[in-house]
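Novice: Here it is, the structure, as structure tokens.
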């Protein structure tokens, strides 16, 4: 007579199913975590499901630090804390812990402990498994969560293609640019020179009404004359202050105009592209990937007097004589001798009782 085959499973990852188990996820996790094993437990995930007839059952994934040889069919039995009842599981070695984890997560009623140990194997295998991983990553809705999914489900790509994944997910999950809302009513600026008003009327327009080659403008004046807040109150724009960042996180190709504020002209990259409202040019600023700029919009250059800020003084340098001749054909130059406002004004709303000083914003 053949002896019955003895029970033995030797695996790092165990998949347990408890049919007709009334324990909560918390009770099951606590009991499993307290089991004494020769090799340390690294991760436990418990999923509670209901059959169509309403009977509950539990699925569990347990990951060990090394292979754990189980010879006792009752080792993973759970006990009811309120009545004399034992719950015996079906015990299997999990060939792919990633597949088991995905299976447990399909209904969402789960509880976990520890840190999941990434497993490169998948019982599904092939291209379909890779497509599933990337589809799941895209459905997360954020870059950080997408990277976590790929780290778990596509570890080879995560290690070998991390740079590309990081860059591509930056583009895919780029948040919409925050729309700037001017804190001042247009009526606050009651001393705007006529030549500035005319420049705005002719050049700051949407794409349909904008001139094919709009003219840019350089506005030079002392601090606290309202240059910045006035320039930013004219419509949708890109605001570049101190240095250039043309990444999609900051720069919009749908803006009506650019504002370049307090950038030393000696170090202004793409001087002609901005001032000449050039179209379809590429930026390869340091430490960033090339960015395609739609262009065709005017730029307001804001500066203070002085050799390290004034565009006029920069263009008056002998070495820049050719650039100056070009600039005079592509931009207007205005010097402010007084503020663009006459005093104190109501703030963003007419009902505001607090007096607001535009110069405090510039």
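Every residue, even glycine, has its Cβ placed from backbone N, Cα and C.
So Swiss-Prot has the following annotated:
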- 8-116: domain 'CRESS-DNA virus Rep endonuclease' (DOMAIN)
- 15-18: motif 'RCR-1' (MOTIF)
- 49, 57, 59, 107: divalent metal cation binding site (BINDING)
- 103-106: motif 'RCR-3' (MOTIF)
- 143-153: region 'Binding to RBR1' (REGION)
- 156-176: region 'Oligomerization' (REGION)
- 221, 222, 223, 224, 225, 226, 227, 228: ATP binding site (BINDING)
- 341-362: region 'Disordered' (REGION)
- 352-362: compositional bias 'Acidic residues' (COMPBIAS)
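Help me understand the surroundings of these features in the structure.
Specialist: Nonlocal intrachain contacts for the motif 'RCR-1' (15-18), taken as residues 6+ away from its ends with a CB within less than 8 angstroms of a stretch CB, comprise 28, 57-62, 76, 78, 87-94, 100.
In the three-state DSSP classification, residue 49 (divalent metal cation binding site) falls within a strand.
If one looks beyond the motif 'RCR-3' (103-106) by at least 6 residues along the same chain, the residues whose Cβ comes under 8 Å of a Cβ in the stretch are 45, 47, 59, 61.
The average pLDDT computed over the region 'Binding to RBR1' (143-153) stands at 89.
Residue counts for the region 'Oligomerization' (156-176) under DSSP, split into helix (H, G, I), strand (E, B) and coil, are 16 helix, 0 strand, 5 coil.
All protein chains included, residue 225 (ATP binding site) registers 22 other Cβ atoms within 10 Å of its own Cβ.
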Novice: Can you tell which of the binding-site residues 221, 226, 227, 228 lies nearest to residue 49 (divalent metal cation binding site) in space, using Cα positions?
Specialist: 228
Novice: Give the three-state DSSP assignment (helix, strand or coil) for residue 59 (divalent metal cation binding site).
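Specialist: The residue in question, residue 59 (divalent metal cation binding site), is strand (DSSP, three-state).
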Novice: Including all protein chains shown, what's the count of other C-beta atoms within 10 A of the C-beta of residue 226 (ATP binding site)?
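Specialist: Result for residue 226 (ATP binding site): 25 other Cβ atoms within 10 Å.
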Novice: Got a sec? Which of these binding-site residues, 224, 227, has the most Cβ atoms within 10 Å?
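Specialist: Compared across 224, 227, the most Cβ atoms within 10 Å surround 227.
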